[in-house]
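**Student:** I am attaching a structure below and will ask some questions about it afterwards.
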Amino acid sequence: MTTTRTERNFAGIGDVRIVYDVWTPDTAPQAVVVLAHGLGEHARRYDHVAQRLGAAGLVTYALDHRGHGRSGGKRVLVRDISEYTADFDTLVGIATREYPGCKRIVLGHSMGGGIVFAYGVERPDNYDLMVLSAPAVAAQDLVSPVVAVAAKLLGVVVPGLPVQELDFTAISRDPEVVQAYNTDPLVHHGRVPAGIGRALLQVGETMPRRAPALTAPLLVLHGTDDRLIPIEGSRRLVECVGSADVQLKEYPGLYHEVFNEPERNQVLDDVVAWLTERL
């Protein structure tokens with residue numbers, strides 16, 4: 001089965017140009033996936049994911065978040081999670097109009113997982129299935145209370161202020177993945193800015209209260225050796241959601257990007273199998 005990728009764009013809030021890709025299989029689609037990538041990266045790092053989904057008969061839509069990759073806006077600059085969820089909602093709307101009647105799957109990794117979670121509790125009628133990979137739903141656990149308070153304040157006043165350095169070697173045990181990430185011109189290699197820190201704290205601090213609104217089937221993927229987003233947040237998430245069909249798939253020894261680990265094919269097979277059972 002052949003999957004074709006096309007690039008498009010739309011005007012997001014504030015008239016920011018949002019670039020997105022669509023991966024279309026050459027057969028009638030079984031469902032539509034709308035994907036949100038993580039902090040600092042871009043949609044095309046998920047080309048192999050979309051190709052695997054395409055082989056299963058799924059159309060995939062994936063945007064470069066504002067301030068990321070090919071999209072417009074100041075680099076990784078945001079003040080509120082709603083800026084991301086609004087763009088994501090626009091893309092879900094496009095996918096829904098272009099494939100009416102198809103089930104909608106929302107998929108997010110890391111920061112994108114936090115975005116998809118926030119979107120899911122706000123718009124529970126806009127999707128049918130949710131898949132989260134190492135979701136950033138407990139950012140408050142990653143910093144001290146003092147740093148959290150500072151990030152929430154600075155995120156409003158100086159949202160572009162770099163506040164947190166990341167260890168990029170922690171994304172994958174595959175050295176080729178790390179090298180490609182470090183040399184990718186579309187990837188932001190700087191520190192996490194205060195605005196994004198504030199946005200993710202918004203998600204994490206409200207997660208236990210808002211998670212019961214998630215009632216659709218949910219699959220959460222997480223490597224047990226993830227040093228960037230520890231697995232404990234995912235374990236708490238699955239205990240809080242309102243869905244009767246929820247599964248946390250823990251991958252022993254895997255790092256942050258389970259889709260880019262040496263075991264990536266098994267992870268993708270697990271995702272496709274889970275989705276296929278529910279379509």
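Using N, Cα and C of the backbone, Cβ positions are placed for all residues, glycine too.
Keep in mind that what you see is a predicted model, and the values were worked out from it rather than measured.
Quick paste from Swiss-Prot:
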ACT_SITE  SER110  active site, nucleophile
ACT_SITE  ASP226  active site, charge relay system
ACT_SITE  HIS256  active site, charge relay system
**Student:** Since the record lists SER110, ASP226 as active-site residues, which of them has the fewest other Cβ atoms within 10 Å of its Cβ?
**Tutor:** ASP226
**Student:** Among all protein chains shown, how many Cβ atoms are found within 10 Å of the Cβ of HIS256 (active site, charge relay system), not counting that one?
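**Tutor:** The answer is 25.
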**Student:** Using DSSP and three states only, what is HIS256 (active site, charge relay system)?
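**Tutor:** In three-state terms, HIS256 (active site, charge relay system) counts as coil.
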